[in-house]
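Per TrEMBL, the features are as follows:
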type	residues	note
DOMAIN	54-134	domain 'Cadherin'
DOMAIN	135-243	domain 'Cadherin'
DOMAIN	240-352	domain 'Cadherin'
DOMAIN	353-457	domain 'Cadherin'
DOMAIN	457-570	domain 'Cadherin'
TRANSMEM	581-602	transmembrane segment
Amino acid sequence: TFLSLQESKRTFKLPSSSDGRILQRSKRGWMWNQFFLLEEYTGNDHQYVGKLHTNVDKGDGTVKYVLTGEGAGTLFLIDEKSGDIHATKRLDREEKAMYTLHAKVLNKNTNEELEPDTEFNIKIHDINDNAPKFAREIYFASVPEMSEVGTSVATVTATDADDQTYGNSAKLVYSILQGQPYFSVDSENGTIKTALPGMDREVKENYQVVIQAKDMAGQMGGLSGTTTVSITLSDVNDSPPRFANLTAVESTEIGGAIGRIKADDPDVGHNAEMEYSIVGGHDTFNIITDQITQEGIIIIKKTLDYESKRDYEFRVEVRNTYLDARFIHGVQFKDYATVKVTVEDVDEPPVFTRNPYIIEVHEDTAAGSFVGVVMARDPDADNKPVKYSIDRHTDLERLFNVDSVNGTITTLKALDREMSKWHNISVVATENSNPRQTTRVPVFIKVLDVNDNAPEFAMSYDTFVCENVKAGQLIQTISAVDTDEPLVGHKFVFSMSGGNPNFTIVDKEDNTANIVTRRGGFSRREMSVYFLPVVISDNDYPIQSSTSTLIVRVCACDSRGNMQSCNPEVLPFSDGLTTGALVAILLCVIILLMIVVLFAALRRQRKKEPLIISKEDVRDNVVSYNDEGGGEEDTQAFDIGTLRNPEVMDANKLRRDIIPEMLFPFRRTSPIKDNTDVRDFINGRLQENDSDPTAPPYDSLATYAYEGSGSLAESLSSLESAATEGDQEYDFLSNWGPQFKKLAEMYIGRSPDRET
């Protein structure tokens with residue numbers, strides 16, 4: 001920031017300092033003594049530093065400014081005409097913070113000094129371009145175990161090459177990136193302290209702590225540096241002496257050895273043989289003696305479970321097998337030791353709460369309904385979550401589904417107890433974090449019965465009734481079956497739908513019924529087979545019933561009621577012919593009549609004359625002409641207006657390209673001029689509707705069918721022509737020109753006279 005100052009009629013440009021004070025000028029006062037420049041300037045052009053000026057310079061180009069001193073001509077250049085000073089490259093405050101230079105003002109022409117030599121400084125202002133740095137990348141420190149919270153461990157300090165007195169570029173703040181919650185760091189001085197009580201060296205001895213130092217007072221955008229501090233817990237006497245512990249994996253099988261112990265005996269041979277035992281016995285462990293090594297081997301008697309009990313302690317006794325009576329008195333030839341066993345955890349598969357599961361579900365359960373729930377848990381201490389699935393090899397029909405999270409089993413399809421009463425599936429529980437740990441459990445699903453099937457005949461009955469049967473005689477005993485299974489057993493009710501004059505049914509109330517005749521004297525001639533609809537109902541809820549048909553044949557029987565024949569008899573007639581013979585004769589007569597009628601029709605059709613008498617049917621001849629017409633511009637060939645305007649026909653206009661001769665006279669008269677008959681018909685219908693009192697009071701559409709008098713072109717078929725082919729003379733075709741030469745040769749050549 002520059003200020004303007006006027007003194008003794010001279011103008012001076014003085015900079016102000018950061019605290020607002022005006023810098024002191026030299027004796028002659030023609031310039032200031034200090035410039036400020038930011039370091040690490042990154043512009044492409046030279047950075048402007050300041051301007052030298054004296055009021056001796058009138059702007060006429062006679063004054064020349066000269067710069068000498070540190071960096072003059074290399075780092076700093078001056079414009080000798082204007083006095084502007086520029087830096088030629090990037091400057092680093094950390095390399096050099098201030099440059100001292102000298103300035104002169106000379107007459108450009110005579111090199112005479114207009115102002116005396118003046119010294120001034122260029123000071124480099126700091127920017128935050130240096131990150132904090134620690135003296136070492138890794139520090140080592142130790143602190144006693146079980147130290148109180150806040151115990152000082154070590155102090156790490158970082159340095160910042162930026163200006164300590166200018167801004168916050170070198171103001172550091174310390175923080176801990178790794179090592180919590182065991183340690184903390186003082187944000188101002190970098191002192192590391194303990195932050196967690198009861199740190200035990202026997203549990204964990206070494207810790208890696210990462211400390212960060214950040215400049216700009218920790219504000220966003222600041223630069224940072226890190227270092228690692230390796231902290232070791234030094235031992236203190238916080239544990240009493242104990243025997244060495246044995247460790248056993250909880251998955252060790254029963255009878256497996258978990259460790260060995262040995263007592264010292266300076267004797268040799270059989271005198272050093274020992275026997276081990278557990279004092280008072282133990283329900284989980286036992287000890288046996290290895291006769292070769294004289295060691296005691298501890299084995300497992302009962303399965304270990306880390307989650308139930310992790311530590312065991314018992315006393316072991318060791319004694320000599322062979323004793324010498326001379327030395328028994330006063331000396332105990334046995335010793336004791338305390339053994340501690342620690343159980344180690346093993347990642348175990350999930351365990352179901354039940355094994356197996358037995359679930360009941362009704363057969364009328366719809367798809368998607370709830371069946372039951374299976375539950376498994378991880379027996380390990382961390383109790384990891386499990387997921388459920390169905391082994392599809394045990395559910396090939398895909399009748400069931402299990403929720404992978406909560407183990408709820410639902411149906412995918414409707415169940416039918418009559419198809420399968422039990423469904424045996426396997427549900428698999430798998431640890432989410434370790435898919436290799438799986439357990440399967442059988443799930444037996446029993447389908448409960450629902451009364452959804454009607455009873456029916458127990459078998460197919462062959463029932464007959466004798467022609468000489470008497471009324472009230474039993475002819476058949478029927479029974480029924482039902483695929484359902486009611487809780488109190490089946491109870492069927494038999495009845496006959498509708499009144500039947502021939503038979504009746506008697507329900508015996510023991511799930512059977514009798515078919516009894518209501519009359520006697522059946523005849524095969526009248527009816528050879530009877531159909532009896534029998535209704536069978538059950539007693540469960542909801543009641544189901546069905547109708548089964550019992551077929552009763554009428555048969556001839558002997559006096560004892562034994563069946564002899566059930567075929568219908570041949571009934572005699574007066575002419576000695578049976579019914580079958582009469583039917584056959586009637587069919588033959590009908591066939592003969594049809595043949596006669598067909599033959600007569602064919603004979604009549606042959607007598608009809610053909611439409612074309614000539615042996616050569618002209619309809620089978622197709623004549624092709626390659627003569628090209630004149631197109632739309634050929635108005636001489638035919639007058640198209642004749643077809644468009646009916647009135648032209650009255651003028652009897654003929655074609656202008658042929659001989660004016662009427663070949664085919666008109667057989668029909670022209671229609672009434674202006675179609676008066678159609679107009680009269682429409683007017684008559686209109687008057688009738690206008691005068692009709694029953695007509696609706698709104699516009700309506702009435703359609704009438706009216707046949708006109710025909711087309712002016714009349715029929716184009718030669719079959720209705722007035723003259724036949726033989727009556728026509730075709731000599732005129734030769735006068736029509738070369739275009740019709742082919743046609744003339746065909747028709748003139750076929751003339752009967754010429755053929756003769």
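Heads up, the Cβ atoms here are built off N, Cα and C, so glycines get one too.
Taking DSSP states H, G and I as helix and E and B as strand, the domain 'Cadherin' (135-243) has 3 helix, 46 strand, 60 coil. Mapped onto DSSP classes, the domain 'Cadherin' (457-570) shows 0 helix, 53 strand, 61 coil.
Residue counts for the domain 'Cadherin' (54-134) under DSSP, split into helix (H, G, I), strand (E, B) and coil, are 0 helix, 40 strand, 41 coil. When averaged over the domain 'Cadherin' (457-570), pLDDT in the model lands at 84.
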